[in-house]
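Peer 1: Take a look at this one; I'll ask things after.
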Amino acid sequence: MARAELFVALLCLCLAGLATGAAGARKMVGVYELRTGDFSVKITNFGARVMSVVLPDSKGAGLVDSFLITAFQRATKMVQYDSRLAVLAGNFADVVLGKDTIAEYVNDTLYFGPVTGRVAQRVSRGRFVLDGKAYHLYKNDGNNTIHGGGRGFSKSIWTVKEYVGNGESPYITLYYHSFDGEQGFPGAVDAYVTYQLSSPYTLGVHMNATALDKATPVSFLLHSYWNLGGHGSGDVLGHTLQLFASRHTVLDDELLPSSGRVEPVAGTPLDFRTPTPIGERIHKVKVMGGRVVGYDANYIIDGEGMRPVAIARDGASGRKLELWAHQPTMQLYTGNFLEHVVGKDGKMYNQYGGFCLETMWYVDAVNHPEFPSQTLRPGQVYKHDMVFKFSF
């Protein structure tokens, strides 16, 4: 980042903190580590985002005591995981893509690790009608709105309500008040996100939101990029992926469900019902008018309630990621727009350098009465739970 851009980023963070201080307790931006054993996750309240997930591979699990790692971090005044820990542990890696500093996230347009809302994914033409009234949103994706607008939840400073960094089940709970009219959305909403670790190697993400005074659409997602070989270790085309989804939402050239159709994945490059390398059919998938090759597809998850969504494996490290959730759909994105992006530890992220598993509500449901409604009435509560289980 250029020096002038860094100055602007820091200034934005300072002004945001001062602005919130006038109405109540001043919000400060920080980084919060959750650790249990040799499993570590770092969260920042800027965008309620996941900054790092550090864990061993199949050869390193349990080899290095977490006390030694913590002592090494303190001795070297290390705040972030970096390659020096790899020297100490040998087989540890940070498996999410991201940036080294919070300031770098201010100008991030690739959504490295945040919670997005008030409505995640796209809203067609940045417009919808609710109870007979038309609402116009901030357009930040051509003619459309994506991930809540220009200053959605991912660009907001959340309040840390509770934080327990160590123990058997460390956790952090973050809170954000979205005001009536924010980015064009009607009504005020109180939103909460809790990240919690449990053994063995499990990260739970629990989101909820309450509509306070007006009907409003609500749909969140977590936009983490995963690379089980370690961030910056190359592409994920060799990862095998299994999705518990036999249908997909048909998306147009703008990645919108303009036809409202839901079709089977059988016989298409979108079929991951059995474990399949991500790269096996990726060059048969064209999105955005055929200009970019890669997955940016919306799947209808089979079944109901809390259920398995996806299983990903990296053969080289032996790491496995299993995702459970109770949302109806999931967006699979394979980092198609990553190109010479400088990430953590100076690593370079290029196309297919990570993949996203974004459990969510139906895309653009507010403009499609044929989809289940995502509208909350005053007093109603939105809930979204995910469980990421890692093994080796």
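Just so you know, glycine gets a Cβ as well, placed from its N, Cα and C.
Those TrEMBL annotations? Automatic predictions, nothing curated.
TrEMBL lists His223 with the feature active site, proton donor. Marked as active site, proton acceptor by TrEMBL: Glu358. Marked as beta-D-galactose binding site by TrEMBL: His223, Ser224, Tyr225, Asp296. According to TrEMBL, the feature signal peptide maps to 1-24.
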Peer 1: If you draw a 10 Å sphere on the Cβ of Asp296 (beta-D-galactose binding site), how many other Cβ atoms land inside?
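Peer 2: Cβ-Cβ neighbours of Asp296 (beta-D-galactose binding site) within 10 Å number 18.
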Peer 1: Distance check, please: Cα of Glu358 (active site, proton acceptor) against Cα of Asp296 (beta-D-galactose binding site), rounded to an integer number of angstrom.
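Peer 2: Rounded to a whole number, the Cα-Cα distance is 10 Å.
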Peer 1: CB neighbours of Tyr225 (beta-D-galactose binding site) within 10 A?
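Peer 2: There are 26 such Cβ atoms around Tyr225 (beta-D-galactose binding site).
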Peer 1: Determine the Cβ neighbour count for the residue listed as 'active site, proton acceptor': the number of other Cβ atoms within 10 Å of its Cβ.
Peer 2: 22
Peer 1: Name, in the order they occur in the sequence, the residues of the same chain whose CB lies under 8 A from the CB of Ser224 (beta-D-galactose binding site) and which sit 6 or more residues away.
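Peer 2: For Ser224 (beta-D-galactose binding site), the qualifying residues are Val50, Val53, Val96, Leu97, Phe112, Gly113, Cys356.
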Peer 1: What is the set of residues, excluding His223, Ser224, Tyr225, Asp296, whose C-beta falls within 8 angstroms of the centroid of the C-beta atoms at the beta-D-galactose site?
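Peer 2: For the beta-D-galactose site the neighbour list reads Tyr111, Phe112, Tyr333, Gly335, Gly354, Phe355, Cys356, Leu357, Glu358.
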Peer 1: Return the maximum Cα to Cα distance in Å (whole number) over the record's beta-D-galactose-binding residues: His223, Ser224, Tyr225, Asp296.
Peer 2: 14
Peer 1: State the Cα to Cα distance, in Å, between Asp296 (beta-D-galactose binding site) and the residue listed as 'active site, proton donor', rounded to an integer.
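Peer 2: One finds 13 Å between the Cα atoms of these residues.
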